[in-house]
Amino acid sequence: MATHSMIIPSPSSSSSSLATAASPFKETLPLFSRSLTFPRKSLFSQVRLRFFAEKHSQLDTSNGCATNFASLQDSGDQLTEEHVTKGESTLSITVVGASGDLAKKKIFPALFALFYEGCLPQDFSVFGYARTKLTHEELRDMISSTLTCRIDQREKCGDKMEQFLKRCFYHSGQYNSEEDFAELNKKLKEKEAGKISNRLYYLSIPPNIFVDVVRCASLRASSENGWTRVIVEKPFGRDSESSGELTRCLKQYLTEEQIFRIDHYLGKELVENLSVLRFSNLVFEPLWSRNYIRNVQLIFSEDFGTEGRGGYFDQYGIIRDIMQNHLLQILALFAMETPVSLDAEDIRSEKVKVLRSMKPLRLEDVVVGQYKGHNKGGKTYPGYTDDPTVPNHSLTPTFAAAAMFINNARWDGVPFLMKAGKALHTRGAEIRVQFRHVPGNLYKKSFATNLDNATNELVIRVQPDEGIYLRINNKVPGLGMRLDRSDLNLLYRSRYPREIPDAYERLLLDAIEGERRLFIRSDELDAAWDLFTPALKELEEKKIIPELYPYGSRGPVGAHYLASKYNVRWGDLGEA
């Protein structure tokens, strides 16, 4: 590759004097960004790596805390490939809370999958950080127990595993110790070997220690000449007030562009396909409004309980854990107007418009439940309060159903029903779109009195057995006139034999690239909490007793009354 030079113009004398007199920087250095765009080696589109060539300066925030100035330049502006010399940068990924279940079951396997697919830079390292005392080898043994060759069952990937594990290291330290993060910084620098260093921190830890870790990492272990980004796991607070305080504290050390708030449901294949289905198919786009859609249902169910994690779950409950984030994010994607472009900010701005068009959830539009012990098939299933980590008289809901409305021209009057619960009869997540009845309905008699059987329904199954199917009415072959419902379906496992990437793979890759489309912006988070906080406070202040439902059932009866209040029948009732 030919060598290209870049000329940085000198500032004018007037601007120079201003910088000297009033600049908050400890030293004034020219800064410029460079980026590389090249085709990915896998099913993903492109990998973009952004670097910064000069040493960073320190910028004091309003509270006097230093912020990594180089990473503030992480704007995504790109130059051409010719300005980048191959191999001049390195990527350091630090998983904070590396000994936890999320890291073992999701994050490390996702990083290995990206490595296997050739989506990580040539020069990268992975560090685990936690309080647990481990050696490098012990971390590698822990990681290797969770890695599989699921990406391509025909190929043994033992060699790839070994190569990946050699890039994995461990550092033990306290989450609030600047000294321990300074030691981590030394180890990162050893692996980076003087190259331009880009650093990604994944906070797989409880939210009450987010700020301590961000403070220590920002002050002691930020990149000095590249970008620094931080992935933050939900929950993002418990209500509007705590969420706002968490954001304010994080922004003492990070800019909004450095914070990647992850909701792994946004990385799921069918959720990402939602906008493609709508905006690239003329058959659906004209129907996507109150004129043709009768109701929309967002359903989430798990066929297991808290399984010993009740102590953690009891602090939040099902509304905060699932409804306020996963289901509301899907709702916003489903209902948003056509964005100006596929740029992250354009998409996120349209989602915010949807959330701001909604009225806060009313207590009369919420049903809460809690699973109780149940004997089935000779087996005893424990109730929620039977979990030893849960208080005996806990009122925390493990099930919730809610009706919400969007007050705009497209969706006025259309009920958006949400349902989420633990210890139900099945595991799944899906979006159900029930269309209006055909005007006149010539074949009404063929369906007797149950007009719900005549309703067209679009179902997008997020998990398991990902698929899309459209329920239509057709004539049963024969001499008589008998109608039946049939499914036009796209089952992913039948149509696409290739393994579907895990949501964490896509989201980690996007964070490395600086692609923010599937991450949550602070104003989006604020708008989401504003919708749920009033009802959550009422539930807790009035000590609303949840309706009990047996472990393994379809949930409390109250959910059906809520649906019928808006002339809706839950679409999943007819399925096993």
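Just so you know, glycine gets a Cβ as well, placed from its N, Cα and C.
What Swiss-Prot lists as transit peptide is 1-50, and the listing cites sequence analysis.
Sequence annotations record features per position, and here Swiss-Prot assigns disulfide bond to CYS149-CYS157. Its own atom aside, the Cβ of CYS149 (disulfide bond) has 15 Cβ atoms within 10 angstroms in the protein chains shown.
Under 8 Å, Cβ to Cβ, and six or more positions away along its own chain, HIS326 (active site, proton acceptor) finds ASP263, TYR265, PHE300, ALA420, ALA429. Annotated active site, proton acceptor per Swiss-Prot: HIS326, in sequence order, evidence recorded as similarity to another entry.
If you look up Swiss-Prot, you'll see LYS419, ARG432, ARG461, TYR469, LEU470, ARG471, ARG554 marked as NADP(+) 2 binding site, on the strength of similarity to another entry. Long-range neighbours of TYR469 (NADP(+) 2 binding site) (same chain, six or more residues apart, CB within less than 8 Å of its CB): LEU458, VAL459, ARG461, ASP487, LEU488, ASN489, LEU490, LEU491.
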Alpha-carbon distance [CYS149 (disulfide bond); LYS419 (NADP(+) 2 binding site)] in Å: 35
Taking residues LYS419, ARG432, ARG461, TYR469, LEU470, ARG471, ARG554, which bind NADP(+) 2 in the record, the widest Cα spacing (Å, whole number): 24
Nearest-integer angstrom distance between the alpha carbons (Cα) of ARG432 (NADP(+) 2 binding site) and CYS157 (disulfide bond): 39
Rounded distance in angstrom between the Cα atoms of ARG471 (NADP(+) 2 binding site) and CYS157 (disulfide bond): 41
Sequence-distant neighbours of ARG554 (NADP(+) 2 binding site) in its chain (C-beta under 8 A, six or more apart): LEU424, HIS425, LEU573
Listed binding-site residues (LYS419, ARG432, ARG461, ARG471), ranked by Cβ neighbours within 10 Å, top entry: LYS419
